Structure formats: structure tokens, C-alpha cells
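**Q** Take a look at this one; I'll ask things after.
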Amino acid sequence: MGSEFNRRDAIKRAMAIGVVAIPSGSLLSACATSSGGDKNKPVATGTKSANNPLGVKNGAPLEAFVFKGGFGDDYIKAAESAYNTSYGVTVKHTGTQAIGPKLQPRFANNTPPDFMDNSGADNLDTAALAKEGKLLDLTPLLDAPTIDDPAKKVRDVLIAGTVEQGQFGSQQMYALNYAFTVYGSWYSNKLFQAKGWTYPKTFDEMIALGAKTKAAGIALFTYPGKYPYYVHFDLFAQIGKVGGKEVLNAIDDLEDGAFQVDAVKQVVGYYEELAAKKYFLAGSEGKTHIQMQTDWTKGKAALVADGSWVENEAAPTMPKDFDLAVGPLVGGGDSDKLPFGTLYAAAGEPFIVAANGKNPAGGMELLRIMLAKKQTDNFTNTIKSLTCVAGSAEGLTLTPGLASASAALKAAGPNVLNARIQDWYVKLNQETIGNLTAQLLTGQINAAKWIEGAQKASDATKKDSSVPKFKHL
Amino acid sequence: MRHGKYRFIIGFLAIPLALYGVLVISPFVQDFQISLTDWTGLTPDKHYIGFDNYRKIIHNHLFWQSLWHNILLLLIVPVVTLALGLFFAFMLNVGGRRKGSASVAGVRGSGAYKIIFFFPQVLSVAVIAILWQQIYNPDPEEGVLNVVLHGIGLGSQAQSWLGDPKLALACIMAVMVWANVGFYVVLFSAGMSSIPTEIYEASLLDGANRTTTFFRVTLPLLSDTVATGWVYMGIIAMDAFAYVQLMSVNNGGPNEKTDVVPLLLFKTAFRDNSQYGLAAAMGVAMLIVTLVFAVLTLRLSRRERIEF
């Protein structure tokens, strides 16, 4: 090395080159934010016929990109093989847990798969996708005849609430939620019979039961502090039971003063009383849902607010003779707008079809195949979950929890509630109000503070222009 | 000759600089670019909206609260981790009783301790978080910590740990320290082994005890390594995303008492209506804070290097 040159100079010059390199870096910025634009892809369409009401083109490729979580993806593969036989192709299948991170770039580049199961913790915001016009309106599917009975339309065989669940503030249905989940207070029938307890019908009876379970050394309820919105499964639906659907819809629609009504005061007051009497298992506020379910299956708590998936999820710790059962919503009593037996149940596992995919008709056809009796039976038998097709569980041998859920759903008839705040305004429900609920159940705040905070949060969400708004139709 | 030399240097620098530009600089530039838009991440379309996202951040109390948690982490976690790392490394390498001719030795069984301390470093953050979730389980019969407390007669001190708004952040800090201390034990051990034994022998001849040796000899000669460790730990503390996301109740709870900016950023981008633009602006804010921290640390710790 010559004397006129030293290491320090080299570093300085290298830095200068680095600075020069920055602008050229922006040229490379195309990778994350490519401005692909619509590339007018040819869309596969075929001739419509009685067997092919959606007009699927024979031999046109179809790509399915599905969530492979608690349900696995074998039930989708089963439907795909039926599709393969009918249309002479092999569906390109990808099953993954990380559905969102993998689909996001596909949507951003306008090259989405045709058929997706947008579920799981990492899913994409279905409402945002719908708002951006990325999803196909599934109305043609709803109006198409079913495979089992060409005289019936798909629309007519779905359980009430399924179509609404896939709508985001307009008549278009953008997602078909395939699995049907029944929510409520779950308990061990064996434990209740052994102790001579009966599932209560009113808040007062529930509190009386709490005294009995406490005397037996068992907490009345437990909940997962890690996910306090589990409590909302009961809480919001109870508001609907006490005050009627209008009260619940007002909350969903973020109406002014929606929380400052008697029904809310009564229900939240009930939770305040449960907390004050220490009827929640100590330490619940620091538990995961698995830890909560383990405590419950071990008999440390009598009841948990949960969904029908609990039978599968808690199976590893649930004793064989647990005799799982679900109780419908408890309420104020005869003054309630809706009778005892009213249930929170909702369709879940949203299947979507891309609006600008290569084979949208094929995506809808695959859904039509999944709604056929053969596929729903397979789903209910293997996954132990109900589907969104009415009466699809009839004639099948069901596990105790599923049988109880199926019976409760039948008994509820039209009195099925579904608080849409839970999927329309996820942050508001899970985090903001969820935090209030966590504090309510540990006695840090009272019902009045909860209502005040919930109303304030609802108003703030309403004012936030970045949050897309939805309304009941 | 001179001309050839430049070609030589440029030839060596071109590839690393190009890689640096593509993999490091360009994402920063893109992040800034995205932060000026209302991009949702779901479409190719985005509109430039100036500094609106930054204005939103400034008025978001949750952002400031999260940033405060990051700063708390930044103040506490590196200090505790490095202090423990230094203490353990000193005991393992220098702090033992003198035996025989060796003037400098670690405590008995130091080899085994080194492996044990390093162990958490081998586990992924997800494993550590799940492990500690079981330890922090509030159940008096299943939560390891509460079982131990009951076992030693301190049952009244049992807590709901991650469910307690006053303790949750401290619980997560403890895990971060536990997970990282082993690496610094090894790093400082390596640093200490390069300190010539003559210096220790000289100080021993002058009658220095362990404490004096540590503060007067070991620490000053290790200051470079400590400063580097400080920057690394600072960056880990500014992140903390995985620990908080996996362990905290209700995603940064209870009652947002453990929320940190990277988690807020993640929720903004991927959950709350896919606001990539706003999340990118939070990323820029984090970049600035991290840069300030790194520059300050390196400035404050600059001192004459001792060659040995």
C-alpha cells in the first residue's frame, strides 16, 4: 500500500459510495411495492348446463390455497378429487398455516389463487379484501342448484346467518363460511349429574349455582386471560337475548349510546357480580386457552364460554367419560326479549374466491361440491364439526359435545344470535373491549366503567376513518 | 500504480456494497416511501398522502405508551443482562480461588456452567416463550413458579404473573434477560481470556481482591466488548416483538401494559384493516429511535484503545 493511502480514507470513500448507492436502491424498490396493474388475464369460462350451472370450463386449471389448521385440509382435498373427476384436471393444492403472509404478495401482484380458505391466526382481513374489490361475489353460487337436489338452490340449504356472515355491508356475499360453530357455556354432564346440579336458565340461578360449586371447591367459571374476548362469546349474545336483536345490532352498527341501554347494564352487572363473588377461577387472567381448558377438564371449574371446537381442542386432557354438553345463554328471565334456548352460533372458516383469478367459475364450483351431502358428511365425521348446511349432521353418529351442540342449534330454531362486532371490528372487540372485560373480571373496574369505556371505544372506532364501516342490512 | 489501486479497491467493494444496497438500504428507502402512502398491502394501488401517517402516530397515545415500554426495556434489559453476563463471566474465568501455580482461574465446575448458561441461546424464541408461559402459569398446581412458591411456604406470594398489569412487563423482561445472558457470558469470557495474565498477576501482587480486580482491571479492558454488547442488547430491547407477541395476554396486555412499538406495527399492518402505510411510518419512527440509540452508545463509549 502506498503512503498516500490509508484505511481511514478507504472507509470514507466506501461511505461515499454507499450514499451514492441509496438512490439506485429506490430503483429496486419495485420488489415490495410492484405496481403490477391488471393484466387482463384470460378467464376460463365454459358452457352452462344442468350439471354445470356455473359454466366451468373443462380442463381449465384451478389453484386452491387453503388454511391447514385445526381442521386439516383433507376434507378440501376430498372435494378437489371430486372436482378433478368432473372437469378432467388436477387442482393445484397448497395447504399452509401462514395463509396471510403467503397470500398477501399474491394479491399485491394481482396473481391470486382462484380458491382460498382464508382462516387461522395469520389470515388476511377478508373485509379489507372485499372492500378492495379483490373477492368474487358468490351470489351466482347461492342461486345455483345443489348437487344433491337440483330443485333446491344452495341459498335454501344454508343455515340462517351463513349468508349474512359472508356479507360486508352490502348484498354481495364474498365469503362462504363452511364450518358452523355453536357457542355457549360448556360443561361436563357427568360432573353436573354427580353433584346434582342443573344448568341454570337465569343470571340469578347461575349465581346460586356459583355458591354451590364454590362449596364443592370448584370455581363456577374460568376464562383465558390471554384471550379475554372468549368471554364475549356469551356476553354479547346475552345482551341480544335480554334486549333483543335490535340492541345487539345497534352495538354492531356502532350507534351512539348503543352500550348505554338497560340490557347492557343488566348483563355487564351480572359479570360484575360474578367477579365480586370470586366465581372465576383464581389466576384465570394469566392463562392461555389451553391452560384454561386443562383446568376445566380437570374439574377445577364448572363452566367455560367457548365454541364447539373445544371438544377437539381439549380432547388430549378430557376424560373419556366427561360427557361434554353445551348450555344455551342464560339471561334475566321472563323479561328477556328472546326465550331461553337462544344461542350464539356462527359460520366460520371463510372460503373466498378471487375476483381476478384465472378460473373464478371453478372456484365457485369447488364450493358447490363441498356443500354436497357426501362432502359435508365426510367433514362432520372426520373433523367433528357441523357445517353450514342445515340438517347436515342428521343421521350421523356424533360425539357427545357435537350432539349436544346440534340439539341446541335445533332447539334454538330462529333464535340464533351473532354479534358481528366480533368480526367487523376485531381490534375494538378483542383488544379495546377485551381489555375492559379482563379488568371487569378481576374486579379492577365495575360495570359502569366497562360500559363507559366500551361506549368511548365504540365512538372512537366510528370516528376513525381508517376503519371500514359495516351496517346490518 | 495509483489508478490500478482504485480499481483494486472498487473491485473488492462493489459486490458487498451492492448487496448492502439491495438488502439493507433499499428496504429502508421503500419503508419511507410506503409510509407516505395509504397502501393496504393488498393491491398494487397506493396514494401519496404526505405526512398524514406521521400526524396520526403523534396523536396516538397507544404509540407513545408502546414506545415508553420499549424505552423501559432499553433502560433495564441491557443493564441487567450485561451486568449478569459480566459477573458470571468474571466468576467463570477469573473469580475462582487460586490453586497451585495458576494465578487466574474460574470457580469450580466453570466448564459445565458455561454450557448451562449458553443453553437458552440454542433455543428459538418461540420455544423459550412457550416454556416460560408454562412456568408463569398462574395455576397453583401446574404453574412451575407458583408451585415452587407454595413448596417453600411462600404461597401467599403466588401471582397471576403475565395476567397482572403491574408484573407482566417485568415478567417478560426477566425472560429476555434469561434468554440472552448466556451469549454475553461466552462473549465476555472470550474477551477476558485475551487479557494477559501478567496484568492480573501484577494486581494480585499489589494485593487487589476480586472486586478491585474486576472494576480496575477486567471492566476497563473489556469496555469495547461491553459497548458492542450494549448496542446488540439495545436493539433486542427495541424489538422484543416475539417475546411480547407470544407471551403477553391479549396481544400486548393486560390492558396494553406490555405493548411495544414493533407489536403495534405488526397489528397495524396485518390485523387492523391492513394499514401498511401507517405501519411503515411506525417503522421509520423505530428506525430513528434505534439510530439515535446506536450513535449515542458508540459516542459515549468511545475511548482510547489499549493494545496488548
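Using the three backbone atoms N, Cα and C, a Cβ is placed for every residue, glycine included.
TrEMBL entries are annotated by machine, without manual review.
Sharing the features that TrEMBL gives for it:
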- B:7-29: transmembrane segment (TRANSMEM)
- B:67-297: domain 'ABC transmembrane type-1' (DOMAIN)
- B:71-94: transmembrane segment (TRANSMEM)
- B:115-135: transmembrane segment (TRANSMEM)
- B:167-187: transmembrane segment (TRANSMEM)
- B:226-246: transmembrane segment (TRANSMEM)
- B:276-298: transmembrane segment (TRANSMEM)
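Each of the listed features needs to be described in terms of its position in the shown structure.
**A** Non-local neighbours of the transmembrane segment (B:7-29) in the same chain are 287; each lies 6+ residues outside the stretch with a CB under 8 Å from one of its CB atoms.
For the transmembrane segment (B:71-94), the list of distant contacts is 104-107, 110, 113-114, 117, 169, 173, 176-177, 180-181, 183-189, 191-193, 200, 210, 213-214, 218-219, 222, 226, 229-230, 233-234, 236-238, 240, 260, 293: same-chain residues at least six beyond its ends, Cβ to Cβ under 8 Å.
Under 8 Å from some Cβ of the transmembrane segment (B:167-187) lie the Cβ atoms of residues 69, 72-73, 76-77, 80-82, 84-86, 88-89, 92, 114, 117-121, 123, 125, 128-129, 132, 136, 159, 161, 225, 229, 233, 236-237, 240, 243-244, 247-249, 253-254, 257-258, all in the same chain and six or more residues away from its ends.
Same-chain residues lying 6 or more positions outside the transmembrane segment (B:276-298) and placing a CB less than 8 Å from one of its CB atoms are 28, 31-32, 34-41, 46, 49, 53-54, 56-57, 63, 67, 70, 74, 227, 230-231, 234-235, 238, 261-262, 264-266, 268-269.
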